[in-house]
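Asker: Sharing the feature lines straight out of TrEMBL:
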TRANSMEM  A:9-30  transmembrane segment
DOMAIN    A:95-307  domain 'ABC transmembrane type-1'
TRANSMEM  A:99-122  transmembrane segment
TRANSMEM  A:134-162  transmembrane segment
TRANSMEM  A:182-201  transmembrane segment
TRANSMEM  A:242-264  transmembrane segment
TRANSMEM  A:284-303  transmembrane segment
Amino acid sequence: MLLYILKRLIYVTPVAFGVSVVCFLLVHLAPGDPLSAVLPADATQATIDEMRSAYGFDKPLPVQYAIWLWHVLQGDLGTSIATGRPVLGEVSRAVVNSLILASVATLIGFTFGTLFGFVAGYRRNSVLDRTASALSVFGVSVPHYWLGMVLVIIFSATLGWLPPTGAGPDGSGNWRPDFEHLRYIILPAVTMSVIPTGIIARTVRALVADILAQDFVEALRAKGLDEWGVFKHVVRNAAPTALAIMGLQLGYLLGGSILIETVFAWPGTGFLLNAAIFQRDLPLLQGSILVLAMFFVLLNLIVDVMQTALDPRIERA
Amino acid sequence: MTATKSDAMPDAPAVELGDLKVGFGKIRVVDGVDLTLERGQAMALIGESGSGKSVTLRAILRLFPEGRSRITGTLKVAGRDVLALSKRELADFRGRTVSMIFQEPLLAFDPVYTVGRQITEAIQRHEKVSASEARKRALALFERVRIPSPERRLDNYPHEMSGGMRQRAMIALALACRPQVLLADEPTTALDATVQIQILLLLRELQRDLGLSIILVTHDLGAAVEVADRISVMYAGHVVETGSAHQVVLDPHHPYTIGLLRSRAEGAMDKGARLQTIPGSPPDLANRPPGCPFAPRCFLAAERCRQEMPPVAEIAPGHRVACWRTEEAAAAFRAGESAREAVPA
Ligand SMILES: Nc1ncnc2c1ncn2[C@@H]1O[C@H](COP(=O)(O)OP(=O)(O)OP(=O)(O)O)[C@@H](O)[C@H]1O
Ligand code: SF4
Ligand SMILES: [Mg+2]
């Protein structure tokens, strides 16, 4: 198993390298001059040139890349043009916040998704199944920023039970696992969990139905197992795929939550990316994308390793 | 309430089926089967594809979902009325009094559990024994069915074993709780010819040593004669002929049995060849014609056959045939045999 993980880590290296090149080029291929956002409109050519060489934009691209990569490998993602603070700090704080939100949302999605999926898969074509299927179609197709606003209107504006935006009462944007902060995470997490709930429910339903139709289930009954005994086998067979789907959903949520983070002013990567794009803060943009992409690569790796550990039929070597 | 072996009547037959009918929706797939399997006997069930052999076996364990199937008639195992068992009692009965060997062991094992774990699971389901005790029993079973390096093999996943070894492991699983009756549904069809024979010989040996009662579904008449004391021939959900292996093979009285024997004699004798050489095809079960179900394909069919269901006649002690023209059939068979002997192949 250890050998397998090592092997996977080696495979990942070229992928990570490619990702870094793409991240680097992305910013340089984008139209517009990155400096125009920070320089006054009437800046002289001399000032512009000075800034250019200060940020290293005057050197040829491969050299710029090498310098950038060298810094990145040392944990230096540069300085945000807009705030003047190190990008690494900004990004890691945002990543932590996003990770927390995405994890809570995935957990909610996984809980309800597997619940609905199992019920629907066991009782196919029953009323329960139809209801669960309808709910999951709704979950996957409803625009979630709209849902977020509806929830805010109901639970914050009308009922006043939950805070509408932010990550905590102090507004500082550092989430902590206490009661006050928990209240802030409920609305965005529930909103975000709707899609994974739907997707996980549909996948698990198909999975469970497929497992129940296999010959070995009849053989389990033939040796005297009751429904509970059979259920344990179904869970064990469904686990690798269900967990993989969960991992991938977590990945999607990490990368694709700009709209929800914006609606709820959640200080995560989506929020940060949004800010970086609108302020043309290129180092920040580059840094956040790189970190997010690496995160995705890592997550895929973890999902793979987990699946291999759980399913004896996958070759480990 | 747990079903122990002492609940059962000691001298009742191992399996007793009386006018057993199994239907799915409007279709009756098994249509009045009468069979008795005495203790310690092995019976082979043969017949074309779709004749209801597997359904009969599964009915004995009541493996069909309640809502979508209907079972009526007498169904007794070791004197106990299987149709009267509660859910709980049924689960205790399965695997403990009767167990089943499936045709394709790769599909009948859970792919993500080791084989050993699946055996200890069965043991611990039915008996209060420790995990290490169950493991010891599983190891002994693996030795009993002659799996090489059994200790190591217990930790194999099903896909890590060869077909023959998997079927041995399946047999070990079936024997795990010392059942009285073993149901084997084409246990060797999925295997290579040489392995088939080994598995059949193993089954026969176990049956004799452990005093098991076996019902073996097979397409292979040679295997049936080799392993079974009795042979029952099924056609379209009916048992058309039943008797000792010798009675059925050497002195058949039903035209369908004769057809099977002839197709085998002509079919180059290759083991495991499907029995499909009788012209025509079985009746549509949803639309049974009146009279004998074999009439459209029978070389002896008379007017009466198409009108009235033939009665079951006892030709000799234990040899029963459902046909109007048993004597003509037997005579035709004897004539055919002497003709074959006269012309050396
Ligand atoms: N669960 C089921 N629901 C509905 N019909 C079924 C079911 N199982 C079997 N049948 C039908 O019952 C008939 C008999 O099937 P069965 O499997 O007993 O045949 P068989 O004699 O075992 O044939 P084979 O030699 O091919 O295994 C077939 O027509 C089949 O389509
Ligand atoms: S009853 Fe008639 S049709 Fe049926 S098997 Fe006998 S002879 Fe043939
Ligand atoms: Mg069958």
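Backbone N, Cα and C atoms are what each Cβ position is placed from, and that goes for glycine too.
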Asker: Can you see whether the transmembrane segment (A:99-122) and the transmembrane segment (A:9-30) are touching - at least 3 CB pairs under 8 angstroms, only pairs 6 or more apart in sequence?
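Answerer: When sequence-distant Cβ pairs are counted, the transmembrane segment (A:9-30) does not touch the transmembrane segment (A:99-122), since fewer than 3 lie under 8 Å.
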Asker: In the same chain, which residue numbers or ranges, 6 or more beyond the ends of the transmembrane segment (A:182-201), come under 8 angstroms Cβ to Cβ?
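Answerer: Here the qualifying positions are 100-102, 104-106, 108-110, 112-114, 116-117, 120, 132-133, 135-140, 142, 144, 147-148, 151-152, 155-156, 162-164, 166-169, 175, 242, 245-246, 249, 252-253, 257, 260-261, 263-264, 266.
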Asker: Are there residues at least six beyond either end of the transmembrane segment (A:284-303) with Cβ under 8 Å to its Cβ atoms? List them, or say none.
Answerer: 8-9, 12, 15-16, 19-20, 22-24, 26-27, 72, 77-78, 80-82, 87-88, 90-92, 94-95, 243-244, 247-248, 250-251, 254-255, 269, 272-273, 275-277
